[in-house]
Amino acid sequence: MAAIEEPTKPTSLYDSPSASQPLLSNPPESDSSQYLQISYNHGDRPFKDIPILVLFLLFVFSSFGFGIFATFNRNPNYPNLSSYHYDFKTSNCVTDSPNWVPLYSSSSSVLKSLIWTLVATSILSLPICFLLLLLLKHYTRQIVYALLPFFVVVPIFINVYWFVACTINPTCSNDFPMVYRILVLIFIFLVIGVIVWIFIVNWHRIELTIKIIGVAADALSMNLGLFVVIPSMTLGLLVYYAPIVLFLVFARLNGKIVPDHRGSSGEYACVWKEDKWVPAYYALAILTMLWSAAVMVEGQVYVISGTISQWYFSNEEDDTPRRSIRKSLRNAFGPSAGTICLSGLLILVVRVVRAVVDIARQEDIPGMFNLILRCCVNTFLAAVDYLNKFAITFAAITGEAYCSSAKMTYELLKRNLLSTVFVETISTRLLAGIAFVVSAIYAIVACAILQAVSHLGVKTYLVAVAAWLLLIVVLTFFIHVLDNVIETVYVCYAIDRDRGAVCKQDVHEVYVHLPISRNHRSSLVTSSLLV
């Protein structure tokens, strides 16, 4: 059963007597008692999905255990493989004195410029994200409408600039013929045309999306500690990866040098033969790393959702609850650890299966059976994505198990005629466009500065591209956090809507304009998986 804690001082949606009932749709009697009192569960939460947590820990401990064994069991002769030769007297591989080749390092102006540019970008990325958050909070409409033209202007400028620069450069014009340059130019213009068409089709939703982004930016600004915790979780994953990568290197050193007969010539060569268990350990360690990455991503979503939902259901006098992030972290790595591991496992399976399907599509294997199988797999993947979208968010709010959270979220949105895809479709594209424009403008400025203070020539563009990639990765991470905030506020709004209460009036004034979704028949496959 979900949490039954009453929110502090909810207000009525309307003054009419029907305000106590859910909007637009009356839930069945059997479900009303279950969903009427949903709020953030501040109490002690029981552990959920324990078998999946045990399985994940088994993978982790096995990877570290066999990795430690591989470290101490490695063969120190592997680095000297080239110094071994076959000895006909002993019928074995013997070694001469190893030839040590000194390594020389050289530095160049390009490398120095690249390092300094990336360091400066890393330092400036934090204030850029913070400034962008403040602008989206206070001047959302102005920022969006000011940057919308740049969604088209910047790609056109870059497209024309590279074409002209390559044409007037003798080396580039010789290596890249005019015909191919024109084809690339036309192709990029077609992509820009598709972007323009997307904005034209969704123009009627821009104003509502602007308000949704503004609400999310305000919620995120109330919980700035997430900008410390979420990157720290990513850094923790990298620290966790370091010994596993080291174990993979040492695992390759487990084996022996054996003679290998080369054909009918009678010659022998000394080759390295790995132990039989090494490939299996590689598979185990790589699967553990992939699963751990998916768990980290879902853990970040859980912490964001738990923190934002506490802010949402708090009273008006205390908009920022104390220790909300700490409580979310404790729940994520405690009672809900199994739920997060299960969600990460499903995401990993979906991505692996989707990659296999994409490879099969590229191979274009004929046959009706292959076509039917591909359709069934795509339907299954869409159903899993549909269920997983808000499951972790709901689990962070209530502490429910994964399957219960997925089912309850689906029923909650269905009963209130809310869509599970609208918010993500529009706001994500708009935020991604903002990230692209900001990073592109930064790269253009960096390129101009490099050309003024250095003499790198064409390599200046490579350094600018590296700076652009680094900044767009950071901004994409920022957009990912803001996107999760939007989805969390959406679920909290659905909970309010379901029980006819208002915990955040400004949120309801925006989200009440969301379109309703009356067609749930297309989700029959999804609902059947929940039975």
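Glycine residues also receive a Cβ, built from the backbone N, Cα and C atoms like all the rest.
Bear in mind that TrEMBL entries carry predicted annotations, made automatically and left uncurated.
According to TrEMBL:
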REGION    1-32  region 'Disordered'
COMPBIAS  9-32  compositional bias 'Polar residues'
TRANSMEM  52-72  transmembrane segment
TRANSMEM  114-136  transmembrane segment
TRANSMEM  143-162  transmembrane segment
TRANSMEM  182-203  transmembrane segment
TRANSMEM  224-250  transmembrane segment
TRANSMEM  281-304  transmembrane segment
TRANSMEM  332-353  transmembrane segment
TRANSMEM  365-384  transmembrane segment
TRANSMEM  430-453  transmembrane segment
TRANSMEM  460-482  transmembrane segment
Quiz item: Counting Cβ pairs under 8 Å that are 6 or more apart in sequence, does the total for the transmembrane segment (224-250) and the transmembrane segment (52-72) reach three or more?
Solution: yes
Quiz item: So, does the transmembrane segment (430-453) come close enough to the transmembrane segment (114-136) to give 3+ Cβ pairs below 8 Å, pairs being at least 6 apart in sequence?
Solution: yes
Practice problem: Mind checking which residues of the chain, 6+ beyond the ends of the transmembrane segment (182-203), have their Cβ under 8 Å from one of its Cβ atoms? | Solution: 148, 151-152, 155-156, 159, 163, 426, 429
